[in-house]
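Below is one structure, written out as structure tokens, with a few remarks after it.
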């Protein structure tokens with residue numbers, strides 16, 4: 001009670017002093033204890049209101065700073081990485097994504113004797129992905145890294161799908177195959193193996209329609225892409241093709257083929273560098289970026305060395321590709337081909353790789369890989385009958401005078417034209433290595449601007465027919 005009286009008297013004195021100083025012209029009144037308590041409660045409420053408003057403003061400011069902007073949205077990016085091939089380069093590039101927690105959705109690797117092209121699909125924001133691109137540029141032998149998602153491009157991927165097919169459902173499956181422009185590559189009494197190419201949306205649509213029949217296995221390549229050429233722009237590839245532009249032959253008739261090739265590859269002829277495969281290379285050998293004979297799988301030699309095809313089923317988690325390729329490279333094995341894509345079960349991915357070695361060494365490698373935690377299944381299908389396919393996108397320099405010839409060659413190899421401009425034609429073709437090599441060799445005379453190729457995907461043939469045993473022998477009449 002004494003404390004309350006003291007506080008009241010002090011408060012009254014302060015109010016009286018303020019009124020005298022302000023000169024209101026009327027005597028100050030001494031408030032009673034009830035009025036003082038009301039004033040104190042009112043000030044507390046005003047202070048609480050001010051604090052609440054300040055907290056609200058701070059919360060709004062914080063929310064505005066935390067709220068993501070349009071450029072911070074997570075989106076799917078298609079990255080092209082062109083490198084000089086060396087031992088362990090796949091593991092090093094996969095490690096850059098694994099250390100930053102990125103999960104690679106698909107990967108397509110076009111390997112050559114001394115160079116390689118990676119087409120990688122990942123999810124991430126623009127800002128963080130830019131940091132990953134900068135880290136990739138710092139790696140040794142990385143020539144160029146490009147995000148193709150920012151410009152118009154044509155993209156394709158390849159899928160082999162094996163599903164149950166009894167006589168009662170086979171007609172409906174064939175109807176769906178015809179709608180999606182797919183192909184039957186193997187058939188048996190109870191199953192069918194289908195090959196289809198297209199964009200990822202087409203793959204998902206076909207898989208959804210075939211799920212009711214029972215999907216047994218799926219092998220998908222990663223997505224590959226090439227930049228679309230704009231109609232009406234000048235031809236930047238004319239020095240690559242004398243056949244495509246015959247009116248230029250007379251102007252440069254005194255130049256030898258080596259001189260014209262050197263002029264084009266040194267960049268004096270307006271060579272393009274906008275695609276994901278580059279037509280020039282600053283080396284003295286003057287070889288195209290992806291040669292026709294890249295990754296050629298040779299038959300078994302006298303020492304027992306041959307190429308082995310491995311099919312791995314792994315968990316779809318960040319870093320699993322780095323784990324697999326690291327286990328292979330640490331043991332001194334070279335990867336000739338690599339294709340990574342979603343498997344038939346959700347949460348799993350299938351890796352198809354080609355590794356040269358003897359049967360004994362590959363068996364040891366398989367036993368070592370089986371010890372990995374994220375590996376669900378591994379199968380060496382080299383000695384089994386299997387259907388293998390690869391996908392290639394090839395951009396050829398061809399104006400109106402040479403376009404008909406290029407399309408005739410494409411028809412022989414059952415290739416499809418998927419993009420046409422004033423000075424180029426982009427073709428899509430699927431098949432084995434020998435078919436790819438033969439087509440690329442035939443088109444070199446017209447000038448190959450860009451090439452993108454996937455690795456090999458393979459599925460075991462349920463029919464048991466191995467076409468390799470028929471080569472070199474005449475078929476029965």
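Heads up, the Cβ atoms here are built off N, Cα and C, so glycines get one too.
Marked as transit peptide by Swiss-Prot: 1-53. Per Swiss-Prot, domain 'ACT 1' is recorded for 78-150. Under the heading L-valine binding site, Swiss-Prot lists 85, 89, 90, 103, 104, 316, 320, 321, 334, 335. The domain 'ACT 2' feature in Swiss-Prot is assigned to 309-383; the stated evidence is sequence analysis.
Location within the structure of each feature annotated in Swiss-Prot.
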{"residue": "90", "record": "L-valine binding site", "contacts (Cβ under 8 Å, 6+ apart)": "109, 116, 118, 325, 329, 335, 338"}
{"residue": "104", "record": "L-valine binding site", "contacts (Cβ under 8 Å, 6+ apart)": "94, 97, 120, 121, 122, 321, 340"}
{"residue": "320", "record": "L-valine binding site", "contacts (Cβ under 8 Å, 6+ apart)": "314, 349, 374"}
Mean of pLDDT values spanning the domain 'ACT 1' (78-150):
79
Would you identify the secondary structure of residue 320 (L-valine binding site) according to DSSP, in three states?
helix
Residue 334 (L-valine binding site) has how many other Cβ neighbours within 10 Å of its own Cβ?
14
